[in-house]
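So the structure is just underneath, and the comments pick up after that.
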């Protein structure tokens, strides 16, 4: 049995993997070293993300590096216009583990050769977005809602590209889950604030009086996630993932930390 299959079997009601899991150590090594045999673009979203298939059958989400680590978010940028950072995904996994949550899928950094590991495997729609930049670097931009054009291309140096790889969770028909709109979602409007930003009693009057926040552990799990997002600087938590496979009062899954 492969490490990714063992990882899937370890998922439980309260965490994705147990404390001191040796399976996770092996899984991270596999994600960083196994041969890539499939590359496809993840549909939807504002920025390009790829689903990679490894030689052992594992699937992982690849988020590419757009700019160096030391480049900070521009102070005049709104949270909903910022680029995703692959290092935020990696750091979030480790912080989630250190805090004892263990609700973020294992994630590791990896350098890939775009020309040798991606280009021969991509589908036609993605294939036609590849080009050579004026600097002689191999680039591609894929297809997505906002940042998938020549001016926002992902480029190698000249062929090598760094990114994050997060293990893919089991299919939804096995690990039943769905995204739930966060009551502390931002307005995503440059002129309007969300209700919770202007109402000091929002939590008491608008959240805790309604299910599922009026009983059980949901409100506490959501507070864990809010604190986690504060520590990582993630202002883009518009939804969270609820799991149904293990019955009511399951812990939330912490996904999508690219804007941290």
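Residue positions begin at 1 at the first shown residue.
Keep in mind that glycine also has a Cβ here, set from the backbone N, Cα and C atoms.
Bear in mind that TrEMBL entries carry predicted annotations, made automatically and left uncurated.
Residues or ranges marked as ATP binding site by TrEMBL: 47, 63, 84, 166, 167, 168, 169, 256. Around the Cβ of residue 167 (ATP binding site), the same chain contributes 4, 7, 27, 31, 58, 59, 60, 105, 106, 107, each under 8 angstroms and 6 or more positions distant in sequence.
Reduced to three states, the DSSP call for residue 84 (ATP binding site) is coil. TrEMBL lists 84, 256 with the feature Mn(2+) binding site.
Here the domain 'FAM20 C-terminal' (130-260) has a mean pLDDT of 92 out of 100. Among the features that TrEMBL reports, domain 'FAM20 C-terminal' is placed at 130-260.
Annotation comment: TrEMBL describes 236 as active site.
Residue counts for the domain 'FAM20 C-terminal' (130-260) under DSSP, split into helix (H, G, I), strand (E, B) and coil, are 27 helix, 26 strand, 78 coil. In three-state terms derived from DSSP, residue 47 (ATP binding site) belongs to neither a helical nor a strand segment and is classed as coil.
Across the fold, the C-alpha of residue 47 (ATP binding site) and the C-alpha of residue 236 (active site) stand 14 Å from each other.
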